[in-house]
Amino acid sequence: MVLVVVAICAAGLHNIDIETDPIKLWVSTSSTSYQQRQHYGDIFNPFYRAEQTILVPKDGGSIYRSSILKESIRVQNVAANVTYTSDDGSETITLEDICWKATGTGCTINTITQYFQNSMEHFEFYEKYGLELEHFSNCLYAPTTSDVALCTELKNALEDGDELPSTMSDCPCLSAFGSPMNLYNTYLGGFPDGAESNYTLFLESGAFVASYLNYNYADDDKNEPAIKWEREFIKTMKAETASNTVFNIYFYAEISVQDEVDAESSNGMGPVALSYCLMIIYISLGINRFKFSRDFFITSKIVAGFCGVMSIVCGVASTIGIYMWFGVKLQLIIMEVVPFLSLAIGVDNIFLLIHAMTEKEEALRREQPSLFIGLEHNPKAIEEITSTIVSESLAYIGPSIFMASAAESVAFAFGSISPMPVVLWFAAMACCAVAINFCFQMTMFLSILTLDKRRELRGQYDIIFKRASSVKSQVPPAGPETDRMQQSSQPLVSMQQPTTPAVERASQTPVSVETSSLTAMLDYCVDVYAWVLTFKIVKLIVLLAFLACTLLSIYSMETLDQGLPQKEAMPSDSYMIEYFNALDVYLATGVPVYFIVETGYERNPDEWSLNDESVETLFCKSKDICGTYSIPNVMNALANHGDKTVTHISPGTTYSWMDDFWGFVNPDSECCRVDSEGAYVPIETGNDTYTTLRGEDDTCLASSVTVPPVPEDHYMSLFSMFATASAGTSCSYGGGSIYRGQFSIDTDPIPVVNSSTAAVTLNSSGYGDEITAWSYMVTGTSNPTQQRYIDSYKQNLRAAEWISEKTGVDIWVYSLTYVYFEQYLTVVDDAYKLIGLALAAIFVVTTLYLGNVFYSLVIALTATNIVVYVLGLMQPLDIMLNGLSIVNLIIAAGIAVEFCGHFVRFFAKARGSGDDRAKAALRQVLTSVLFGITITKVIGLSVLTLADSRVFKKYYFRMYMVVVLCGVLNGMVLLPVLLSTIIDVKNFF
C-alpha cells in the first residue's frame, strides 16, 4: 500500500522543472521592490541587459601607456565582434542585432577608449604620429568637445599620402554612439583617492571597465537572441582570458548568474548521493557497535539499513513529486538540502528504532534466556518474540520520535511564512518531508525491521538469507518443555520473567557476550558521566559557563551582518567569483539609480502641464524660472555637494532632460532639423562624426521663437524627436544618447528606433499624447559589502521621501539591485517573528504530548538557547542574516527537540531525587543521542564539505554542524544539570 502511495506521489517528478532565475529564486513577487521593478519595465522597458569586462594590466602598472591602451581596444573589439552562429548555420546574431543604440549611431559601449571611438584605425593613426597619449589626456579633460588643437597639429604633420579618416576629421572625443565619456569613475578602476577633484589622477588608474548595453524585454522570447549571443560572448572571453598575456580579464554577461546557478544545479547531487551511501554503511556497522565477529552477517543490518535509507528516498521523492504535481519549480537548495535534511532526521529515527530493538532484545535475553535456545526450530516463538521486541521498542522510543517529528514539522512549516520563494518552498518541502518520512518509517520500515528481526532469530545471514552452519548445529534439548513451547497457544514471552544467572550464561552466544560487554562498558561510562554531573561544583561551573555563553551569543548577534553575496551561490571554480572579487577591488561606482516622476503617483496630478511655468520651475535647473529646490538641482546637490550627507551616490554629472530639451529645440542650436516634409533629420554616423552642419535643412522652430516655453502644438512631436536623437560634437542635447530608457509616453516606453522606423514629423503627436513618466539618473557608489548595498537602498529611499516632502512632487526610486535588498528592511523583525512562532509551536506540540507545561517550557527554552548560540556563532563563522539563515534557525529550533525532547521525557517519567532522575534519563538516552542522532548528523554533514557552492558550505555545513554541537551540549550537559538542580533546588544551597 505504501509503495502505491509512493508511486502515485513520485509520478509527479515527470513534471520536474528547475528554477535558475535569481529573481524568481530570491525575490517575492508581492514585495514593493519587485512590483516597482515590473512597473519600471512596463513604462520604460526593463533595465538593459549588460555585459562587462574589467581589464587589469598584469604588470600592475597604470593604464596610461600606449601599448596598454592599444591592447585594451583590441580586447574590447574582440568582445564587440562576437558572433553567434547556430549549428546548422541558419542563424547568426551579432552585437549590432541586440545592442542599445540611439537613432543613426553605433552600439552603446561605455569605455574610456571611446576617446578613440574604440577604433583601432583611429588609435593607430594617432600612434603613428606619437599623439595617442596626448589625445587621450586632452579628451579626459574635455570629453564633450573635439580635440581641435591636436587635430590641427596632426593635420600639419601628415605625411604624403596620409589622410585623416572621415570619421575622425575633427579628432572627436565623443564616443562612437554620440555620448561623452565623462563618468570617469565608471569607466576606470583602481585610481588614486582625490581623482574626482583632480582629473589628471585618473591617468594613474589600474583598470579599464567596459560595459556593453543590450535591449531587454519583458517577453522572455524576445530576449532569446541576446541570450544566445551572451553565451557565445562568455565562450569567447574565456578563451581570450586564457590566452591574453597583457591583461587579467574579468567578465560578466547578463545570463552569467543564471547559467552558473544552473551548472551548480546539474552538478550538485554528488554529495547527497555520497551522504546516503555513508548512512547505509554507518547503520550497518554502527548498530553492531562496530564489532566484526564470525556471526557479524547474522546480526548486521545491511538490508534493513539499505531499506531504511530507501524509505527516506521514497519520502523525498514523494514530497518533491507532490509539489511537482502542483506546478512548483524545483530549486537548487531544495535539490541538495531537502534530501540531506530528510536523511539527517530520518536516519536518526532509523538508528533509534534499531537501537531500541537491540536494547529490548538484550533485556529479553537477560530476563528469559531459555526462549532463545533452539529458537531457529520454532517459527511460532520467533514471531511472538519479534512482536514483543518490536512493540516494546516502539513503546519505548516511538513517542519521543513522534514528538520530535511533530515539533520539527510544525516548526519548519512556519518557515514557509517567509515571502522569499526559495526559503518558502524549502521550508514547505522540509515540513512535508519530515511528516512523510515519519509515516513511512512507522509503517513500511517498521515492517521491514520486523522481517529482518525474524531473519536474525532464525540464524540466517543478512543479504543472502541463508542459515549459518553454526546455527544449524544448535539443536534444542528434547523434553516436555520443548514440546510445550512448540505447541502452546499461550504467550511465551514476558519481559518481567526472572532468569537464573546460570541459564543466562548458557544462552549467551559469542555475539551477545561481546555486545553485552560493550553495552556494559557504555553503561559504565554513562554512569560515571552522570555521577560527575551530580557534584555541586560541577553543576555551578556548567550553569555559569552556559550562562556566559548565552550572554556572549546575545552580544555577538547584535553585530550580525546582513546580506547574501551573489558569489556565495557560484560554483567554486566559476569565473564569476573572480569577477565579483574584481568588482570589489576596482569598481568605484555601482549601478545607476533612478528617481522617477510619474503622473498619478501618490499626490501627483494625472497630467503634467509641462509648458506651464509653475511646473517648469520644478523640473529645470538652468533658467531663472527654475526653483532652488527643483528636482534636478536637488539631484545635483545629492551627487556633488561638497559636504553631502548622502554617501551612496557617486559624484558626477547629473542631467536635466527639460533643460536639454529646450537646448535641442532652440533654433540657434545645430540639433533639431527637419526636411521639406517636416520629418526629423537625424545625425548619421557618416556625417563626419556628427559635425556636419545641416544648413540646407530647416530648424524645427522658426528663428523668432524663444524657448521656453515650447509651442504647445509642436510639443509632443519635438519631444519625440529629442527622446530618440543622438548627441554629437555640434549638438550635445540628443536625448536618445543621454536619456534612453528614461521616458514614458502614454504609460508606454519610447519605441525602439532603427533605420526602418518612420521619422517623426512636426505637428504630429509623435510617439503619443503626453509624457507620463520620466526619471533622473545618478550613479550609485560601489558597494563591496552587503551592508553597503543595504545602507545604499535605505538611504536612497529616504532621499526619495525627502525630495517628495521638499518639492511636493512624489517620486519613487529604482535600481536594478533593490529587489534583492528589500527583505533587509525588515529582516530582523522577520527573524524574531518566524523563530518565535516556531518556538511557540514547539511549546504547544510538546505540551499536548507531555501534558506538562513545565517540561514543555524547558524544551522550548532549551531550543531557544540553542538558537541563540547558533546566532552568536554566525558572525565568527562569516554567516550573514538573511532568508536562508532565518529558515536554518527555524530548522535549528526543530532539530533541538531531538537533543532535549528524549531526555526530558524520560526525566519526567523517572522517580526519586533530581540527581537520580537525571542519572536514569541519561542511562536511557545518552548513548542513543550520541550514536543515533549526533554521529549520524556529523557524518551526513561532513559530506557537505564536498559541495561546490559556498552557500552550502556556510549556510548548511557550518550552521548545521553548530546546531548539532550546541544541541548535544545543551541536551546532554545543560539539561541534566538544570533539571536536577531545579528539582533539588532546596538541597543545592
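Along the chain as shown, residues are numbered 1 onward.
Using N, Cα and C of the backbone, Cβ positions are placed for all residues, glycine too.
TrEMBL: automatically predicted annotations, no manual curation.
Feature annotation (TrEMBL): of 577-597, 850-870, the stretch labelled transmembrane segment is 577-597. Panel annotation: around the transmembrane segment (394-417), residues 345, 349, 352-353, 355-356, 359-360, 423-428, 430-431, 434-435, 437-438, 441-442, 446, 833-834, 837-839, 841-842, 845-846, 849-850, 886-887, 890-891, 893-895, 897-898, 901-902, 905, 928 of the same chain, lying at least six beyond its termini, place a Cβ under 8 Å from a Cβ of the stretch. In summary, the transmembrane segment (423-451) lies against the transmembrane segment (302-326): three or more C-beta pairs, each 6 or more positions apart in sequence, are under 8 Å.
Within its own chain, the transmembrane segment (537-557) has Cβ neighbours under 8 Å at 865, 868-869, 871-876, 970, 973-974, 977-978, 980-981, 988, counting only residues six or more beyond its boundaries. Count of Cβ pairs under 8 Å against the transmembrane segment (959-983): among 332-356, 577-597, 886-908, the largest is for 886-908. Sequence-distant neighbours of the transmembrane segment (886-908) (same chain, 6+ residues past either end, Cβ-Cβ under 8 Å): 341, 345, 348, 397, 399-400, 403-404, 407-412, 414-415, 418, 423, 426-427, 430, 434, 827, 830-831, 834-835, 838-839, 842, 846, 850, 852, 855, 858-859, 862-864, 866-867, 870-871, 917-918, 920-922, 924-925, 928-929, 933-934, 955-956, 959-960, 963-964, 967-968, 970-972, 975-976, 979.
For the transmembrane segment (577-597), the residues of the chain that approach it from at least six positions outside its boundaries are 40, 54, 56, 183, 185-186, 188-191, 206-207, 209, 250-252, 256, 565-567, 570, 604, 619, 631, 635, 649-650, 652, 742, 773-784, 792, 796, 799-800, 803, 809, 811-817, judged by C-beta separation under 8 angstroms.
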